[in-house]
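Note sheet for the following structure.
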Ligand code: GDP
Ligand code: IMO
Ligand code: MG
């Protein structure tokens with residue numbers, strides 16, 4: 001049986017959490033493959049909103065096993081908070097959740113290093129979520145990191161101390177003032193480690209191999225979005241992991257030949273939180289309207305998300321990099337009420353019109369070229385059938401499918417589980 005992938009195709013926050021939750025009924029295993037608590041995945045059902053950071057979005061379905069894969073970085077403190085919050089709704093979380101021994105640990109000092117690095121960059125800062133993601137992946141690739149499996153070793157505290165000491169030394173080299181009380185941070189950290197130890201810590205690549213062999217259906221859940229990918233995103237304004245399809249293979253130990261469908265999720269417009277280029281960004285009342293109607297404020301940091309029209313040049317690039325087989329369009333309801341909908345179909349780049357994503361998409365290099373389409377006024381939030389969507393939206397969808405050469409098989413018209421139209 002194949003492993004299907006679900007990936008964000010823009011700059012994150014496309015609605016991955018909602019769709020993983022919707023799709024989980026069709027799967028036996030949901031596996032997160034990269035990122036960490038920089039992610040905020042929102043699920044809404046029965047009038048309650050849940051935000052998950054580390055735990056896969058299949059956790060509310062009693063029959064699914066949720067795997068935190070080796071490619072994920074875990075902050076035990078945030079993980080503990082998530083688990084404690086979920087205890088209100090799920091009594092047997094330990095039966096539904098397993099964690100890779102090879103996932104790396106975010107130490108309190110990783111968070112401090114993240115803060116110091118950002119502060120030292122001044123205006124050029126990445127706009128990181130400050131969860132310690134970059135420093136933790138740096139320690140992973142630098143071969144200094146601590147892994148979940150290490151907490152089972154007798155000398156874990158010593159290993160921790162060696163790495164934390166090194167971080168404190170590194171912090172002293174930054175010319176910025178970061179205030180911290182390490183003893184307090186460590187007490188919280190070790191309390192959370194004690195709780196993490198009580199979970200099923202497994203060799204998840206073996207677990208997934210056996211699951212696939214036994215014919216189980218696996219859905220891999222991505223975090224962030226394709227344009228935040230460390231290799232293919234808008235570097236350096238990216239995160240520190242591979243958010244594209246290949247990241248699922250390395251982040252779970254699943255061979256490429258086992259990948260089946262690749263679901264690519266995108267908003268009907270574009271958002272971005274943090275710094276970095278964004279060619280179709282709107283600075284006018286239309287962008288403001290998108291922010292307000294779409295409630296575009298970060299699920300992890302509460303920061304206002306920048307908004308703009310859909311960028312098909314960037315979206316096509318993301319579709320290509322990951323071999324997307326089905327597209328899912330989110331937040332179509334937010335576009336109701338605009339007289340005209342614009343979609344960027346090419347860029348003017350160094351005096352030429354291009355339809356591929358160039359190396360440099362900063363404002364001074366790229367001007368988006370738009371196709372204008374007629375908008376619609378109708379409220380979409382209670383529509384259940386695809387055919388009942390306004391004809392202008394159907395034309396928009398058809399236009400996107402033609403341009404991207406991939407079918408749009410799901411349209412989302414509201415944050416709730418039930419506000420999902422499958423074609
Ligand atoms: P993720 O990181 O990709 O899981 O996305 P986030 O949860 O960070 O952000 C998506 C936001 O949009 C959340 O607040 C969702 O509840 C909300 N959302 C998801 N789908 C829809 C939709 O179709 N319409 C509207 N209005 N909101 C949606
Ligand atoms: P989900 O999974 C949106 C952005 C940050 C910053 C950059 C680097 O909810 O879609 P990092 O904390 O990784 O060092 O930040 O990436 N970023 C996200 N933006 N959604 C996310 O996750 C993000 N995770 C990181 O805003 O610009
Ligand atoms: Mg999010």
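Cβ coordinates are placed from backbone N, Cα and C, and glycine is handled just like the others.
According to TrEMBL, the active site, proton acceptor annotation covers 13. Residues near residue 13 (active site, proton acceptor) in space but far in sequence (CB under 8 A, at least 6 apart, same chain), listed by position: 40, 225, 267, 271, 273, 296, 298, 299, 305.
Taking Cβ-Cβ distances under 8 Å and a sequence separation of 6 or more, the neighbours of residue 41 (active site, proton donor) in its chain are 16, 17, 18, 20, 51, 52, 53, 57, 221, 223, 299. Taken from TrEMBL, the feature active site, proton donor applies to 41.
Around residue 140 (active site), taking its Cβ as the centre, 20 other Cβ atoms fall within 10 Å, counting all chains. Per TrEMBL, active site is recorded for 140.
As annotated by TrEMBL, GTP binding site applies to 12-18, 40-42, 305, 331-333, 412-414. Taking Cβ-Cβ distances under 8 Å and a sequence separation of 6 or more, the neighbours of residue 42 (GTP binding site) in its chain are 15, 17, 18, 49, 50, 51, 52, 299, 415. Mapped onto three states, the DSSP output places residue 42 (GTP binding site) in strand.
The Mg(2+) binding site annotation in TrEMBL covers 13, 40.
The 10 Å shell around the Cβ of residue 15 (GTP binding site) contains 22 further Cβ atoms across the protein chains shown. If you look up TrEMBL, you'll see 13, 14, 15, 16, 38, 39, 40, 41, 129, 143, 224, 239, 303 marked as IMP binding site.
As annotated by TrEMBL, substrate binding site applies to 299, 300, 301, 302, 303, 304, 305.
Checked against ligand 1, the recorded positions 13, 15, 18, 299, 305 give 13, 15, 18, 299 in sequence order as having a Cβ less than 6 Å away from one of its atoms.
The binding-site residues near ligand 2, defined by a Cβ under 6 Å from one of its atoms, are 40, chosen from 15, 18, 40, 305, 332. Between the C-alpha atoms of residue 300 (substrate binding site) and residue 12 (GTP binding site), the distance comes to 12 Å.
The candidate set comprises the binding-site residues 18, 303, 304, 305. Of these, 18 has the most other Cβ atoms within 10 Å. For the pair residue 12 (GTP binding site) and residue 302 (substrate binding site), the Cα-Cα distance reads 14 Å.
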